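Trainee: Let me begin by handing over the structure; questions about it come next.
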């Protein structure tokens, strides 16, 4: 096989694996269906629905793809991400649609939340220091000191996220109800080391982090 053909095949392979670029303007029109729960600009008013505004584009796209796969009728146990409230919501969206939605919500400005003053100290200790005696690293390593996350690595933005939603996700990771954190099970292994009090404190701290 000549070098030119090899190069062509490699190029086609790489192109086939690449995700379509999202169009924020197109995503705005497609986001109307999302507004009832997540707010028109991705800043949800209900504490059980996550804020999407300002979230990392790669992370948002992956979560939507996982939720679409995990909520399909007959989806194998452990596949994707199962979110009961999202059942059927993404079925008619193409990969390009999802990319456009991710681009739109990423472009929106997130609102700032507030932490419970009584939980700030405990939450800050966990977020910035982890529980080293138990082998739990600080959250700052992946999610950054100010909670902005790591966009290239698809680690989510946490800053200002609703405490109720964060607590639910940590609990789900701890109990194995959410499993889309990769083969290394990083969030499941971390959440396994958190008590209910730990989860309440760190979730509240994250809500006020900015």
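The chain as shown is numbered from 1 upward.
Using the three backbone atoms N, Cα and C, a Cβ is placed for every residue, glycine included.
Just so it is clear, the model here is predicted, and its values are computed rather than measured.
Straight out of Swiss-Prot:
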- 34, 37, 38, 86: heme c 1 binding site (BINDING)
- 139, 142, 143, 187: heme c 2 binding site (BINDING)
- 1-20: signal peptide (SIGNAL)
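If you look at the structure here, what lies around each of the features I listed?
Mentor: Neighbour density for residue 34 (heme c 1 binding site): within 10 A of its CB lie 21 other CB atoms from the protein chains shown.
Counted within 10 Å of its Cβ, the other Cβ atoms near residue 142 (heme c 2 binding site) come to 16, all protein chains included.
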Trainee: Rounding to the nearest whole angstrom, report the longest C-alpha distance spanning 139, 142, 143, 187, listed for heme c 2.
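Mentor: Roughly 12 Å, rounded to the nearest whole number.
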Trainee: Taking 10 A as the limit, how many CB atoms besides its own sit near the CB of residue 143 (heme c 2 binding site)?
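Mentor: There are 20 of them.
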Trainee: Just checking: which of 37, 38, 86 have a Cα that is within 10 Å of the Cα of residue 143 (heme c 2 binding site), counting only these binding-site residues?
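Mentor: Close binding-site residues: none.
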Trainee: At a 10 Å cut-off from the C-beta of residue 86 (heme c 1 binding site), count the other C-beta atoms across all protein chains.
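Mentor: I count 17 other Cβ atoms within 10 Å of it.
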Trainee: DSSP on residue 139 (heme c 2 binding site), three-state: which is it?
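Mentor: Going by the DSSP assignment, residue 139 (heme c 2 binding site) belongs to neither helix nor strand, so it counts as coil.
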